Structure formats: C-alpha cells, structure tokens
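For 1-46, the entry in TrEMBL reads region 'Disordered'. If you look up TrEMBL, you'll see 1-11, 31-40 marked as compositional bias 'Basic and acidic residues'. Under the heading domain 'BZIP', TrEMBL lists 8-71.
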Amino acid sequence: VSQSHEEEDRKVRRREKNRVAAQRSRKKQTQKADKLHEEYESLEQENTSLKREIGKLTDEMKHLSEVLKDHEKICPLLHCSMNFVTVPRPDALTSCLPR
C-alpha cells in the first residue's frame with residue numbers, strides 16, 4: 001500500500017514538473033515571437049525610411065542632371081576650339097563657376 005502511495009506521489013510530482021516545464025516553454029516561445037515581431041516592425045520602419053531616402057536622392061540626381069545638361073549647353077570650356085589644351089584659361093573657368 002505504501003509503495004502505490006509513493007508511486008502516486010511520484011506521478012503527481014512528475015505531472016507538476018511537466019506542467020511547469022510546459023508553461024516555461026510556452027512563455028519562452030511567446031517571448032521569442034514578441035521579439036521577432038518587434039524586430040519585424042523595426043525593419044519595416046527602416047525600410048520605409050530608406051525608400052523615402054532613395055526617392056529624395058533620385059529626385060536630387062534628376063535635378064542635378066538637368067542642371068548639368070543646361071550648363072553643358074553654355075559652358076565655354078566645352079565649346080572652346082582649343083579644348084585639347086589640358087589647362088583651361090582662368091577667365092573661361094570662372095565664367096562657369098557659380099558666384
């Protein structure tokens with residue numbers, strides 16, 4: 001009789017231990033999922049920010065390309081009949097530079 005009582009106690013302790021271990025495992029899984037979700041949210045924000053920056057830089061590049069194209073039309077350095085000279089005339093250079 002005392003042996004079956006001991007076996008029953010062992011079963012109860014084992015079940016309790018198992019229940020606690022299962023709770024701990026579920027809690028750990030939940031924490032891991034929460035952490036992954038936070039990381040996902042952070043990466044989404046960073047991605048949105050980077051896309052916005054790409055858009056701004058693309059617009060700036062288009063603008064600067066237009067400015068360069070317009071400048072090339074009037075640049076005396078590009079239209080100089082002596083454009084094979086490696087050192088440009090100082091007066092031609094200053095007329096191209098912004099004041």
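Using the three backbone atoms N, Cα and C, a Cβ is placed for every residue, glycine included.
Unlike curated entries, TrEMBL annotations are predicted automatically.
DSSP assignment over the compositional bias 'Basic and acidic residues' (31-40) gives 10 helix, 0 strand, 0 coil. Taken as a whole, the domain 'BZIP' (8-71) shows an average pLDDT of 97 in this prediction. Per DSSP, the secondary structure of the compositional bias 'Basic and acidic residues' (1-11) breaks down as 10 helix, 0 strand, 1 coil.
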